[in-house]
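Student: Quick one: this structure, given as structure tokens, is what I'll be asking you about.
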Amino acid sequence: MTARELVCSQRVGQGLSRRLRPLVLAVTLGVLVVTLSGCSWSDALAIGWPEGITPEAHLNRQLWIGAVVASLVVGVIVWGLIFWSTIFHRKKTTDTELPRQFGYNMPLELVLTVTPFLIISMLFYFTVIVQDKMLYLAKDPEVVIDVTAFQWNWKFGYQRVDFKDGTLTYDGVDPARKKAMVSKPEGKDSHGEELVGAVRGLNTEDRAYLNFDKVETLGTTTEIPVLVLPAGKRIEFQLNSADVVHSFWVPKFLFKRDVMPNPVANNSVNVFQVEEITKTGAFVGHCAEMCGTYHSMMNFEVRVVAPNDFKAYLQQRIDGKTNAEALQVIAQPPLAVTTHPFDTRRGQLTNSQ
């Protein structure tokens with residue numbers, strides 16, 4: 001090796017060291033941050049996804065973490081090849097020929113074609129498994145909840161409760177109120193024939209698709225609706241909107257579903273189930289579809305309690321107690337604790353100052 005080549009080699013080594021030093025420092029700091037913060041690698045790889053409270057949510061989170069790991073592996077390989085080529089295969093002043101070309105290299109092209117296909121196939125396979133689990137509908141859910149969204153609040157009703165252990169059976173459908181929502185006749189034309197409405201033969205005020213129950217919780221301007229659910233039971237949610245498109249989203253479910261007006265007529269799926277809720281407590285819910293002026297304030301709370309407490313709560317509601325009163329009977333906070341109502345006086349207060 002000549003003196004000039006030796007000097008060039010030393011410079012390349014020093015340049016490589018300078019380039020790798022920030023990368024090594026960043027990796028070291030990342031490891032220290034995760035370790036000292038008490039976070040697990042699972043939390044770090046979840047990148048903000050919360051711990052779920054249903055079996056479906058746990059599967060969805062694992063799928064997400066798997067996709068993140070796969071992306072990081074592919075990214076590291078690609079970045080490594082880019083940096084390797086940039087550092088070790090730069091054109092040197094002594095180069096007089098073109099570097100080796102890889103065009104029409106059949107084995108390499110096959111590898112670069114098959115590898116992405118295998119990665120995508122694996123992700124697709126696990127996605128289908130998790131999706132089937134999340135969308136599965138059992139024929140005999142133990143609790144059926146009617147969810148009605150409207151601008152800009154929620155109504156929750158207990159349509160049916162049938163615990164498999166036989167300790168609680170309840171049919172809460174209110175057919176009289178539902179019948180009252182049937183479309184009124186449009187009248188008759190000059191020939192005495194009944195007029196046909198604009199919406200599938202019905203008038204625009206028809207709300208016969210909505211469900212009504214004897215025990216309901218209605219959100220208001222001053223009170224966040226609290227949906228009380230039992231832990232450890234399969235629960236079905238039937239979603240309907242009274243006006244525009246909304247979206248039912250409980251972040252801890254790691255799942256959301258759009259709430260459509262007249263879902264049958266719109267060919268939309270408005271039902272989903274959770275196998276069980278594995279943790280008691282209070283969990284915030286939101287509307288996740290832009291639905292107008294106060295969309296961001298359209299919140300609710302899911303309050304998960306033990307099955308015996310749920311039975312006592314439902315009995316109190318059947319006996320005529322309000323939602324807050326029934327919650328107090330089972331030693332629960334009477335109002336929402338994860339969110340609060342939107343203060344509609346804020347503009348008035350600002351103008352008065």
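Cβ atoms are placed via backbone N, Cα and C, with glycine included.
Relevant sequence annotations retrieved from Swiss-Prot are reproduced here:
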type	residues	note
SIGNAL	1-42	signal peptide
TRANSMEM	63-83	transmembrane segment
TRANSMEM	110-130	transmembrane segment
BINDING	His246, Cys287, Cys291, His295	Cu cation binding site
Student: Kindly assign His246 (Cu cation binding site) to one of the three DSSP-derived states: helix, strand or coil.
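Tutor: Its secondary structure by DSSP: strand.
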Student: These are the binding-site residues: His246, His295. Which one scores highest on other Cβ atoms within 10 Å?
Tutor: His246
Student: Around Cys287 (Cu cation binding site), how many other CB atoms lie within 10 A of its CB?
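Tutor: Cys287 (Cu cation binding site): 27 neighbouring Cβ atoms within 10 Å.
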Student: For the Cu cation site (His246, Cys287, Cys291, His295), what does the 8 A shell look like? I mean other same-chain residues with CB within 8 A of the CB centroid.
Tutor: Ala149, Gln151, Trp152, Val244, Val245, Ser247, Ala288, Glu289, Met290, Gly292, Met298
Student: Starting from the Cβ of Cys291 (Cu cation binding site), draw a 10 Å sphere and report how many other Cβ atoms land inside it.
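Tutor: If we count other Cβ atoms within 10 Å of Cys291 (Cu cation binding site), we arrive at 21.
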